[in-house]
Amino acid sequence: MKRQLEAYCAHLRNERQVSEHTSQGYRRDLEKVIAYCEEHGIADWQALQIQQLRQLIARLHHHGQSPRSLARLLSAVRGLYRYLNREGLCQHDPANGLSAPKGERRLPKVLDTDRALQLLDGGVDDDFIARRDQAILELFYSSGLRLSELTNLDLDHLDLAAGLVQVLGKGGKARVLPVGRKAREALQAWYRLRGIGNPRDRAVFITRQGNRISPRAVRLRVKVAGERELGQHLHPHMLRHSFASHVLESSQDLRAVQEMLGHADISTTQIYTHLDFQHLAAVYDSAHPRAKRSKGTDS
């Protein structure tokens, strides 16, 4: 079972071109299934049945795994069995028809427009780290990139004259996104200093040593910026969420936002309509005269 898991993970990286983060997540989930199989004397993937997989899901849920994590595990199992069936190594899928326990879908955390501008409009020193970090923040918010999409950018993926960036998203799907004026200006300022790092490759964002910046380093730099400018915890995906929410709020074009985010299913994008409704409800409650409660009344 472990040998076939290794082959599947190699397939994900080399043929599906998923990120290392996604590949490792699938590996961890499938290792839980293997551990369960070893515990119950299940020798191979063909022998695993739906009843046993259902029992594993119930056990993990009982021990505190979230519905979202369990849904991801089932997705990993389905992907593995699609691969095994295609390779002629298996003839069924025990995850077929199984679903994770339902859970409350949490709305993504976003910055409102004023807070986003506060983050981006802080003073920037004209040095290597400051210019690089500013360009990273501006590009995240301007184009709604995933963390892996940003760190994988090469110089020839950006056309600043045209205001476009080409990214490789999940499943190796390419898309072209607009880059706003402020982000272009920040990138141009960064390019002027980038050569100081004696770059060893064509990565857009590099360290002082000339190496491509890592996802971990970007998360840290975004966190530092959030604490410095906003006094709050900030992570890269919050900037992507903020981009999506603000574009949808202004345009009301859900399909366009779906394409820009690279979502395969529009239901994933629809979560931002709930954020927009939250904002509208807050405005209504604070502004509409019939929404304000009289003091001392409960009804």
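Each Cβ is built from the backbone N, Cα and C atoms, and glycine gets one as well.
Features of the protein shown, as given by Swiss-Prot:
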type	residues	note
ACT_SITE	ARG146	active site
ACT_SITE	LYS170	active site
ACT_SITE	HIS237	active site
ACT_SITE	ARG240	active site
ACT_SITE	HIS263	active site
ACT_SITE	TYR272	active site, O-(3'-phospho-DNA)-tyrosine intermediate
DOMAIN	1-85	domain 'Core-binding (CB)'
DOMAIN	106-285	domain 'Tyr recombinase'
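Swiss-Prot feature annotations superimposed on the structure.
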residue : record      : CB count, 10 Å
ARG146  : active site : 20
LYS170  : active site : 16
HIS237  : active site : 15
ARG240  : active site : 22
Quick one: average pLDDT across the domain 'Core-binding (CB)' (1-85), no decimals. 88
If I take the alpha carbons of LYS170 (active site) and ARG146 (active site), what is the distance between them in whole Å? 9
Give me the Cα-Cα distance between ARG240 (active site) and ARG146 (active site), rounded to a whole Å. 7
Whole-number Å only: compute the distance from the Cα of HIS237 (active site) to the Cα of ARG146 (active site). 7
Using DSSP, would you call HIS237 (active site) helix, strand or coil? helix
Once DSSP output is merged into helix, strand and coil, LYS170 (active site) belongs to helix
Under DSSP, the domain 'Core-binding (CB)' (1-85) has how many residues in helix, strand and coil? 68 helix, 0 strand, 17 coil
